[in-house]
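> Supplied in C-alpha cells, the structure appears directly below.
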Amino acid sequence: MQEKIYITSVEEGAEEGTRLELPPESDPPQQFAYTNTATSIPSIDLAMALNKQQPANGNDGAVPLTSVAGDWHPVRGPARDGEFDGVPRLQMYTRSVSPQPAQTMAGRCPASLRRNWPVVSQPLALLLLFGFLWAIAYSILPPELSNPAGGLMRLAFLFVGAQACGILVSLTGLPDMLGMLFWGVLYANVGWADFGGYERLEVFLREMALVNIMLLAGLGLDYGALRSLFRFIMQLTLVPTAAEVAAVAVLSRYLLDLPWLWGVLLGLVETAISPNVVVTVLLRLKEERLGLNKGIHTLIIAMTSCNDVLAIFLFGVILGVIFSTGNLTSQILQGPIGIVIGLAYGTVCGLALLHVPSYQAKYTNGLRFAMTALAGTLSVVGSKMAGYPSAGALGCIVTAFVAGTGWRKRPPTECNEVSMYLDLLWKFLKPVSFSLIGKEVNFSVLAGETVLYGAITLLVAVLLRLGFSYLSTLGSELNWKEKAYVTLSGFPKATVQAALGPAALDLARSLNATEEIEKAQIVLIVTVLAIILTAPLGALLMIKLAPRWLKRSTEENDEQYR
C-alpha cells in the first residue's frame, strides 16, 4: 500500500478529521481524495501547503491556480462567525482535468490572443448575447421589427458593429472606443444611419449613457479622500478647468464664430477627463505597483471625478440657459433654481437608497442598482420635462454621492456592488454612446475650416491646461516627475465627451431650434476631434512614462497620500 500524505486544516472552525489525501510525488497525476467530516472546507492554509508541495515557476509565492492534479480554482464562500474581520475565507475545489491537453491548446494559440483574451472575451460575450436575442426576436416578432433592413435592426446593428470594431482595435493596443467611433462615422457616411421611427429611442439611449456616466462619477467621489486632500484636489480641479474653458471660449469666438455662451459650453465639454481611459491605465499600474507610495492613484481618481462632476454640472446649467425660452429674469434664475432642485432631489433619493431595501434583504445589491439607475434616469428626463434640464445632471451626481458615502460606512460583509453593476451596464452603453456620436459626423457637410480651427482651439486649450495643472501641483510633496504624471493624467478625453457632445444637438432638434442646430453641430465636431486626438495618445503616454516617472512600491500599505 502506498504511503499517503495528509494535510489537516488549522482554520478556525474546522473540526478534526478534515483532511486531504495527497498521492506521493512519484505517483502519476490523479484526482485528490478529499474527506470532509465538517461543514467547512480547508482554505488558505491548504493552498499554502500545496504551494510548498509543488511550487509553480515564477509564481512569487502566490497560490497556484493549477496544481499537482487537475485545476484548482479559488472561490469565496459566505461570511461565517469566527472569520477574520468578516472577510470570506478562500476555499478550494478541484476538477479532474489532465494538464497536458490544456498546455497543448495554449501552445497552439497566438501569444497576443492569450494575453488579450480576458479583455476581448467580455465584448465577445455581448456579441453572442445579441445573436441569441436577435434569433429569438426573429422567431417571435413581426417581420417589420426583426427585419435587418428595418429601422430598429439598423439601430441594433450599429451597436453590434461598434462592439466588433472595438474588439479589433483593442487588439492593437489602442482604446476600443476609437473603433466604435470609426464604425459610427462609417455607418452614417455609407447611408445606413436611417432609423426611421426610432429617433426618440436613439435620444433615450444617449441619455442613458449620460446617466450611467454621472452615477459612476458620483459613486467615485470618496468623502474621506476629498476631506483629507480637499485643498490640493480643488487646485487641480478648478485652476486647470477654468484656464481650459476660458481658452476654448475665446478661441471658438474668433475662430469658429460661436457666441460666448456656446464657447463656454464647448469648453465644458472639452475639459472633462476621461475616467474610462484614466482608470483603466491606473488599474494596470496598480498591478505593477507603480505610483502607490504617495497615493498618486487616489489623487488622480479624486481629481478626475471632481473635474467630471464640475464639468457635467456646469454644462447642464449653461445648456439650460442657452435653450431657456422665458424672459431675461427667468433665464437668470434658470441656473440657481436648477441647482436647488437637483440638490434636493439627489439628497432625498440618496438617503432613501441608504434604507430601502434593508441591508439584510436577500437581493439588496440588485434592488439598489435598479433603484439607483431609475432614480438617475428620472432625474434627467424629469428635469427636462419640468423645464429645468440643469437639475438633471446634479440630481444624478448627488444621488450617487450621498448613497455611496453611506454605503461605505457599512461593515465589509455588507458589500456594495452597485458600481460593479453600473460598470457592467456601461459595457452595453459604451458602443451605443461612441457609435452614436460618430454617426453624427457627416463628411458631405463637414467643412475643412471647422476641422482645422477646431483642432487649433483644442491644441492650444489642452496645452494651456497642462501648464496650469503643473503649476497647481507646486507645494506638494511630489517630485517633478510625479507632478508631471499627475498633470498628464488630465490629457485623455473620451468618455464624458461621448455623453455630453450630442446633448446640445439632441435638445436643439427636439425644440426645433433651427438657428442653434448649426452651433450644436460645431460643438459635436470639435468633440469628436478631442476624442480622436487625445484618447489614444493620452493612454499611450501614461502607460509608457509610468515606469520612468513613478516609483515602484514594495509594501502593501503604501497606497495612501502622505
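Every residue, even glycine, has its Cβ placed from backbone N, Cα and C.
So TrEMBL lists these for the protein:
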{"type": "REGION", "residues": "1-28", "note": "region 'Disordered'"}
{"type": "TRANSMEM", "residues": "124-141", "note": "transmembrane segment"}
{"type": "TRANSMEM", "residues": "153-171", "note": "transmembrane segment"}
{"type": "DOMAIN", "residues": "165-534", "note": "domain 'Cation/H+ exchanger transmembrane'"}
{"type": "TRANSMEM", "residues": "178-198", "note": "transmembrane segment"}
{"type": "TRANSMEM", "residues": "204-225", "note": "transmembrane segment"}
{"type": "TRANSMEM", "residues": "232-254", "note": "transmembrane segment"}
{"type": "TRANSMEM", "residues": "260-283", "note": "transmembrane segment"}
{"type": "TRANSMEM", "residues": "295-323", "note": "transmembrane segment"}
{"type": "TRANSMEM", "residues": "335-354", "note": "transmembrane segment"}
{"type": "TRANSMEM", "residues": "451-471", "note": "transmembrane segment"}
{"type": "TRANSMEM", "residues": "520-543", "note": "transmembrane segment"}
> Counting CB pairs under 8 Å, which listed stretch among 124-141, 232-254, 295-323, 520-543 touches the transmembrane segment (335-354) the most?
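It is 295-323, which has the most Cβ pairs under 8 Å.
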> Which sequence positions outside the transmembrane segment (178-198), separated from its termini by at least 6 residues, show Cβ-Cβ distances below 8 Å to it?
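Contacts with the transmembrane segment (178-198): 151-152, 154-155, 157-158, 161-170, 430-431, 434-444, 528, 531-532, 535-536.
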> Would the transmembrane segment (295-323) count as touching the transmembrane segment (232-254), if touching means at least three Cβ pairs under 8 Å and pairs must be 6 or more apart in sequence?
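Yes, the transmembrane segment (295-323) contacts the transmembrane segment (232-254).
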> Would you mind listing the long-range same-chain contacts of the transmembrane segment (204-225), meaning Cβ under 8 Å and 6+ residues beyond its ends?
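Same-chain contacts beyond the flanks: 233, 275, 298, 301-302, 304-306, 308-309, 312, 372-373, 376-377, 379-381, 393, 396-401, 403-405, 408, 418-419, 422-423, 425-426, 429-430, 432-433, 436, 495-496, 498-500, 502-503, 506.
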> Given pairs 6 or more apart, does the transmembrane segment (232-254) have at least three Cβ pairs under 8 Å with the transmembrane segment (124-141)?
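Taking Cβ pairs at least 6 residues apart, the transmembrane segment (124-141) and the transmembrane segment (232-254) are not in contact, as fewer than 3 fall under 8 Å.
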> Near the transmembrane segment (451-471), which residues from the same chain, at least 6 beyond its ends, have a CB less than 8 A from one of its CBs?
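Distant contacts of the transmembrane segment (451-471): 236, 239-241, 243-244, 247-248, 251-252, 255-256, 267, 270-271, 483-484, 486-488, 490-491, 522, 525-526, 529-530, 533-534.
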> What stretch in 124-141, 153-171, 260-283 has the biggest tally of Cβ pairs under 8 Å against the transmembrane segment (520-543)?
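Top-ranked stretch among 124-141, 153-171, 260-283: 260-283.
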